[in-house]
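What follows is a set of notes on a single structure, which appears directly below.
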Amino acid sequence: MSPAEAQVRIIALRSEISHHDSLYYRRAQPEISDFDYDRLKRELADLEKQFPEAVASSGGASPTAQIGDDRTEGFARVKHRQAMTTLDNTYDEGELRDFHARMVKAFGTEELAYTVEPKIDGVAVSLTYEKGKLTRAVTRGDGEEGDDVTVNVRTLRGLPEKLTPPADLLAGALPDLIEIRGEIYLRDEEFRRINQLQEETGEAPYANPRNLAAGTLKQLDRNLVKSRRLEIVLYGLGACEPEPTALGIDSQTAFQEKLRAWGLPVVEKFWSVLGIDAVVSAIRELDALRRKFVYATDGAVVKLDAFAKQRVVGFRGTDAQGRAQEARKLSPRWACAYKFAPDRAETRVKAITIQVGRTGALTPVAELEPVLLAGTTVKRATLHNADEIARKDVRVGDSVLVEKAGEIIPAVVQVLVEKRPPTCEPYVFPTSCPVCGTPVVRAEGEVVWRCPNQECPEKVKRRIEHFTSKACLDIDGLGEEMVDLLLKQGLIKNAADIFDLKVEQLLPLKKSGEIWAGNLIKGIAARRTADLWRVIHGLGIPQVGAASAKDLARRFRSLDALVESSLDDVIKIDGFGEKTAESVRAWFNVPANRALIAELQHAGLNPTPPVATASAGAIAGKTIVLTGTLPTLSREQAAEKIEAAGGKVSTSVSKKTHYLLAGEEAGSKLEKAKSLGVAVIDEAEFLRLLAVGDSGE
Ligand SMILES: NC(=O)c1ccc[n+]([C@@H]2O[C@H](COP(=O)([O-])OP(=O)(O)OC[C@H]3O[C@@H](n4cnc5c(N)ncnc54)[C@H](O)[C@@H]3O)[C@@H](O)[C@H]2O)c1
Ligand SMILES: [Zn+2]
C-alpha cells in the first residue's frame, strides 16, 4: 500500500468507525458486531502506526486516540475526579504474552502478581460514595466527563445506598470519598422479556443485553427505568480520599476484598495469580465458567495487582504519532483485556419464513442448514424485521455467519457476499399476511409490519395459547397442540369458549379418551377461579407482562373495576409509565375486547383477587412524614415504599400525621411529633409495618 492509498483508507476507516461509535455509545443500536468493529479499529491502528505521515495529513482526531463518547441530551454533565479509561484489548494469546513481556521489562522479574477478572459486557458507570453514602452515578462519557444518571441508578435493585462499615476498627474506616467503577447490565431473561414487549409494540428490538442496558440507563422516564430490572457489578477504583493505602487497599486483590466487605455487588469470581502461565490458565477457567454468570462477559481483564507497580507504568495517553496529548488518559498500561471470540459459525439460508405473532407482528426467520454453535445445533435464526433483512441484504441461498451470545437466540450477523450464488434474488418482504392474506400495515415510526385482521386465524390461535399457557391461566392439558386441534374442529373460537366445552365434544378427539376428556374438563372448571393477575396477563394487553398484571390486580381487585378504570387511575400505579397506562386503556376501549371479558364472565370465569393486598396493610391510607437519615433506605426509597403500600407521604407534621418515620439527626419534626402525640417509628418498625400487608402476590 502506498502512503497515498493508506491515507484514503485511514480517512474512510475513521469515518466508518466514528459512525459505529455514535450508534453504539449514544444510541445503543449498533449495526455491526463487536468482533467486526474491533477488526476495523485494529486495521486503522495498524495503518496509523505504519504510515505516520499519512496520519499527519489526514487531520482531525482519530477514534484510536479517543474514548467512545456516550454523552447525550437531557443529562447534566459531571466531571470525574479521576478519568475513566478504556482497555487495550486483544483476541490473541501471543499479544497477551507481549503485554506481560513489557511488564517484565519494566520490573525485571517474571514473578509478577496479576488479577484476572471477568470482563463484563455492560455499561460503564462511576459511583461516588461520600462518607459511605451513595451520592452520585455518572456514565463514562468521554472519559473526563460523563452524564449524571444518579436518579436512574438509584432504581437498581441490589445496589446499597450505604456501604457496610467495617466490623472492627483495624479493618480501616470508610473513605471520606470514593469513586467506584462498575458495569450496569441486564440478565438474559429480563432482556428477553423487554425485547418481547418491544416487538409487540412495534419498536425495534435490541440486539443484546448490553445495548438494552445502555438504552435504558439513558431513559429520562424514571418509571420506565424502574420497570426494567437493571443490575450492577463493581470492580474498579477511581479517586479515593484518604489515599487507598490508608484504608488498607494497596492492590486490586485488596480492593476486591474491600468491595465485598462493604456489601457491594461484585464479580462471582476473580483470580489472583503469579506469572503469565497462571494468567492463561485462569482465563481458560473463566471461559469454562462464564456462561453460568448472570451477566454477559466478553473476555478477561488482566491487571497488574500491586497499585505501586501500576503507578510505575501508568497510562497510555498518546496519539498515534506518539505525541503526548494534554494529560488525556486512554488506557492503563498495567492492564490488558483478552477478548473471547464470539461463538460463530458459517451456514446457508435454506428459506426465509414469516411468523405471525399474537399481536399480528410479522417476524422473519432464517431457516438454516443445521450447524453446531456454542454446543447446540442451530436450525433457525431471527432476522428481526424487514429493515434488518434489507440492511444486511440476506437472501435465500446465501452463505451467512450466525452468532450466538450467551443463551440469546442466534442471529444472522453477516452475509458472505463473495459466496453468493448468481441466481440469488433479493428477498421481497410479503405485503400481505402469509396466513390470512390481509394486506399488512406498518404504523408510522414503527419497524414492524403487522397483520391488522383481528380475526386472523394465527393471531386467534396465539391469543388462546397465551391465555391457557403456564404463565397465564395455566390450564393443564391445554397446550399449543390441543388449542390448535380444538380450533380446527370448530369447538372453540375464542378463550371464553374453553369454559363451555363439554366432555361429549372432546370424546371424538381421542380413542378411548373418557378419562382424558373428564380430566381436562375438570381442569378447566378448576381454573374458573384462577388468580386475577393470571387472567389479566392472559388477556395479552400490549406492554402488560406478569409483573404489571399483578400490579393491576392489586390495584383494581376485579375485572369489572379494571374495565371501568380511567387512564389517570392506571398511570398512578407505581412503576407504570404513561405508555403502559395508555396501552391498558386502549385495550379496554376496544369493543371486541370488552365483549370477550363479558363472554368470559358469562362462561363462569370468576377470578380470585389477591389475598392480602396493600390496601389491607398497616400503611394503607396512612399519612407519614419522613425526617433524618435512615440506616439503609434513602428518603426516596422510603417514600416509594409508602406510596406502593397505599400510604401518603407528607412534608410537615400535623395532627393528621399518622407516623413520623425518623432516622438519625432528626430535628424539629421529631419535637413537633412528640408534642402532638404522633407515633414515632424507626426504619425497622417501618419495615415491619410494611410486611404486614405484603403477603399477597
Ligand atoms: N458494534 C459496534 O458498532 C461497536 C461500536 C463501538 C464500540 N463497540 C465495542 O465496544 C468496545 C469498546 O468499548 P470500550 O471502550 O468500553 O472498551 P471495552 O469494552 O473493550 O473495554 C473497556 C471497558 O471494559 C469495562 N470492563 C468490564 N469489566 C472490567 C473489569 N473487570 N475491569 C476493568 N474494566 C472492565 C470497563 O467499562 C472498561 O471501560 C469495542 O471493543 C467493541 O467491542 C462496538
Ligand atoms: Zn393474518
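The chain as shown is numbered from 1 upward.
Cβ coordinates come from backbone N, Cα and C, glycine included.
Here is what TrEMBL says about this protein:
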type     : residues                                                                  : note
ACT_SITE : Lys119                                                                    : active site, N6-AMP-lysine intermediate
BINDING  : Asp34, Phe35, Asp36, Tyr37, Asp38, Glu117, Arg140, Glu183, Lys303, Lys339 : NAD(+) binding site
BINDING  : Cys433, Cys436, Cys451, Cys456                                            : Zn(2+) binding site
DOMAIN   : 614-697                                                                   : domain 'BRCT'
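Here the features listed in TrEMBL are painted onto the structure.
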residue	record	contacts (Cβ under 8 Å, 6+ apart)
Asp34	NAD(+) binding site	Asp298, Pro342
Asp36	NAD(+) binding site	Val413, Gln414
Asp38	NAD(+) binding site	Asn89, Tyr91, Lys339
Lys119	active site, N6-AMP-lysine intermediate	Leu87, Thr297, Asp298, Gly299, Ala300, Val301, Ala337, Tyr338, Lys339
Arg140	NAD(+) binding site	Ile67, Asp70, Met84, Ala124, Val125, Ser126, Gly146
Lys303	NAD(+) binding site	Tyr114, Thr115, Glu117, Gln252, Gln310, Pro332, Trp334, Ala335
Cys433	Zn(2+) binding site	Val356, Gly360, Leu362, Pro439, Val440, Cys451, Asn453, Cys456, Glu458
Cys436	Zn(2+) binding site	Cys451, Asn453, Glu455, Cys456, Pro457, Glu458
Candidate with the highest Cβ count within 10 Å, taken from the binding-site residues Cys451, Cys456: Cys451
Of Asp34, Asp36, Asp38, Lys119, Arg140, Lys303, recorded positions neighbouring ligand 2, Cβ under 6 A: none
Secondary-structure category, per DSSP, in which Cys433 (Zn(2+) binding site) falls: coil
Where the C-beta lies under 6 angstroms from ligand 1, the matching recorded positions among Asp34, Asp36, Asp38, Lys119, Cys433: Asp34, Asp38, Lys119
The domain 'BRCT' (614-697), counted residue by residue under DSSP: helix, strand, coil: 32 helix, 17 strand, 35 coil
Secondary structure of Cys456 (Zn(2+) binding site) (DSSP, helix/strand/coil): coil
Reduced DSSP assignment, Asp34 (NAD(+) binding site): helix
Maximum Cα-Cα separation (Å), residues Asp34, Phe35, Asp36, Tyr37, Asp38, Glu117, Arg140, Glu183, Lys303, Lys339 listed as binding NAD(+): 25
